[in-house]
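Report on the following structure.
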Amino acid sequence: MTPNEPQEPKVMLIILDGWGVAPPSRRNAISQARTPFFDSLVARYMATTLQASGIGVGLPYNEEGNSEVGHMNIGAGRIVYQFLPRITQDLRDGSFYSNPAFLSAAQHAKKHNARVHILGLFSTGNIHGSAEHVHGLLDTMKKAGVTNTVIHPFTDGKDGKNNEGAEMIQQLISRLSSFTHTLPGTLMGRMYSLDRNNQWDLTQASYEALCGTGSTPTTNDPVAYIKDWYQQGKTDYDLPPVIIQQNGKTIPRIQDNDALIFTDFREDSVRQITRSFALPDDSFKGFKRNLPKNLLIATMTEYEKGLPALVAYPPPQTENPIASTLSKARKRQLHVAETEKYAHVTYFFNGENEVPFPGEDRIFIRSTGGPHYETNPKMQAATIARETTTRIDQYDFFVLNLANADMMGHTGHIDAAIQGVETIDAILYQLIETALTFHVTVVITADHGNAELMIDPKTGSIVTSHTNNPVPFILIGKGFEQPKNTRLYQIPPQGILADVAPTILHLMGVHQPIEMTGESLLYKLIPDLQKS
């Protein structure tokens with residue numbers, strides 16, 4: 001490769017997943033890590049912070065950001081109002097209870113004298129699903145006259161507190177005592193039910209528990225089962241699937257003619273388990289199964305195009321995200337991530353479009369070390385860098401996700417998070433040195449915070465969830481030098497994630513579409529710059 005001066009500006013967007021900005025402390029894995037290169041970028045180039053949570057990204061006030069929301073806002077160039085407040089508002093005004101998808105599931109079960117199964121993440125985290133929505137569905141089935149409802153809660157341990165499951169399941173069981181025909185059926189951690197890394201053995205274990213076709217253990221006391229798991233030093237995340245019995249008898253599993261309602265509103269992590277029940281044999285390749293006949297599948301949101309399921313809340317249309325805008329401008333683009341974050345730099349970043357836009361190529365690298373990523377803090381960052389830098393002269397725009405800070409933050413292992421952050425620092429050096437050599441401007445940001453708060457300052461307990469802290473924005477390239485002694489955490493947010501795409505279009509000389517309501521950050525970083 002020969003670094004020729006490009007005729008038109010090129011940009012590389014690096015998204016540091018889970019890299020929030022907070023004051024230094026022993027709770028902050030990012031400040032504890034050795035990051036000389038990242039620190040030098042902040043000191044040398046234009047840098048600020050961005051709001052990445054709450055109303056600034058289309059979530060309820062003070063709600064922590066997440067990867068899906070962050071990438072959607074970054075790619076859309078506007079605030080994308082999220083499913084969580086939309087669904088919750090329907091619960092408040094009562095329209096939730098008359099949603100056609102939910103009522104169709106109820107009618108199907110009643111017609112066939114069968115069951116409605118409610119499956120989803122039961123968590124306070126509100127990232128993939130909401131316990132409030134699960135309770136709302138229980139009420140919906142009761143109002144609809146369903147006489148046999150079975151609930152299958154998935155415990156969290158990642159986005160919520162890592163040991164909240166026992167208390168939440170106890171509260172659920174207490175509430176079910178007021179329901180004549182509703183019982184808990186199975187229980188399992190999200191490591192099994194929400195795998196998104198093609199580890200189909202985990203999905204199969206969930207499927208077999210739900211259908212009663214494997215050797216899943218049973219329990220008469222699900223709360224005691226969870227507490228026993230805690231005693232082994234484990235968390236809700238990797239709770240093994242268990243079948244719940246009532247008075248020594250097993251509640252019927254998923255059988256012919258049943259209706260299934262998947263309650264998660266986030267699409268990516270629930271796809272594998274949903275496919276296991278929704279896809280016919282000639283389309284499903286995950287594992288060998290004996291699929292019950294005549295199932296009706298309903299999903300809270302559209303998990304993927306073409307999935308044979310009723311959708312309660314279809315996605316809003318995001319017209320002209322940055323990937324589409326660059327495609328129309330005949331720019332070539334490359335999207336790179338490992339499988340844990342592949343959907344984020346493609347589907348979510350592209351405005352919930354599965355199919356690449358013309359001129360868009362994608363590279364995904366299989367994540368290694370999962371589900372216990374603390375055993376491999378480096379993850380696939382080096383491979384992402386190699387795949388990107390070897391193609392540096394072939395594209396006009398690059399977007400890549402480095403997942404280390406987020407995935408290590410979710411493990412609760414602060415030493416692993418520190419190693420992951422230090423890995424990113426080394427990888428940034430490789431990426432940026434190559435980019436600058438080939439006259440590619442680099443933008444660094446993040447989708448949400450995580451690794452900067454891993455210990456609760458009040459209780460001293462481990463924190464594995466996201467934060468509502470701001471995230472970095474650094475503009476690196478010739479002409480963007482701005483030496484300073486200010487630390488990043490001392491800079492208040494000057495924008496939101498929706499401002500990233502307009503900034504990139506500004507840098508590349510591409511017209512910003514009217515749908516993008518974000519503003520170029522160049523006007524804030526360069527005070528003398530006049531709007532045209």
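Cβ coordinates come from backbone N, Cα and C, glycine included.
Straight from TrEMBL, the features:
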- Ser67: active site, phosphoserine intermediate (ACT_SITE)
- Asp17, Ser67, Asp447, His448: Mn(2+) 2 binding site (BINDING)
- His128, Arg190, Arg196, Lys341: substrate binding site (BINDING)
- Asp406, His410, His466: Mn(2+) 1 binding site (BINDING)
- 10-511: domain 'Metalloenzyme' (DOMAIN)
- 87-305: domain 'BPG-independent PGAM N-terminal' (DOMAIN)
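Positions of TrEMBL features highlighted on the structure.
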residue: Asp17; record: Mn(2+) 2 binding site; CB count, 10 Å: 26
residue: His128; record: substrate binding site; CB count, 10 Å: 25
residue: Arg190; record: substrate binding site; CB count, 10 Å: 30
residue: Arg196; record: substrate binding site; CB count, 10 Å: 20
residue: Lys341; record: substrate binding site; CB count, 10 Å: 30
residue: Asp406; record: Mn(2+) 1 binding site; CB count, 10 Å: 30
residue: His410; record: Mn(2+) 1 binding site; CB count, 10 Å: 25
residue: Asp447; record: Mn(2+) 2 binding site; CB count, 10 Å: 32
residue: His448; record: Mn(2+) 2 binding site; CB count, 10 Å: 28
residue: His466; record: Mn(2+) 1 binding site; CB count, 10 Å: 31
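Sequence-distant neighbours of Ser67 (active site, phosphoserine intermediate) (same chain, 6+ apart, CB under 8 A from its CB) are Asp17, Gly18, Lys341, His344, Phe348, Asp406, Asp447, His448. Taking the C-alpha atom of His466 (Mn(2+) 1 binding site) as reference, the shortest distance to any of the binding-site residues His128, Arg190, Arg196 belongs to His128. Within the model, the domain 'Metalloenzyme' (10-511) carries an average pLDDT of 96. Arg196 (substrate binding site) and His410 (Mn(2+) 1 binding site) have their C-alpha atoms 15 Å apart, to the nearest angstrom. Using the Cβ center of Asp17, Ser67, Asp447, His448 for Mn(2+) 2, the list of other same-chain residues with Cβ within 8 Å runs, in sequence order, Ile15, Gly18, Ala52, Gly65, Asn66, Gly70, His71, Lys341, His344, Asp406, Ala446, Asn450, His466. Mapped onto three states, the DSSP output places Asp406 (Mn(2+) 1 binding site) in helix.
Distance noted between the C-alpha atoms of His410 (Mn(2+) 1 binding site) and Arg190 (substrate binding site) is 13 Å. Within 8 A of the CB centroid of the Mn(2+) 1 site residues Asp406, His410, His466, the other residues of that chain are Asp17, Gly18, Asn66, Ser67, Lys158, Asp159, Ala405, Met407, Gly409, His448, Asn450, Ala451, Thr464, Ser465. Look at Arg190 (substrate binding site): DSSP puts it in a helix.
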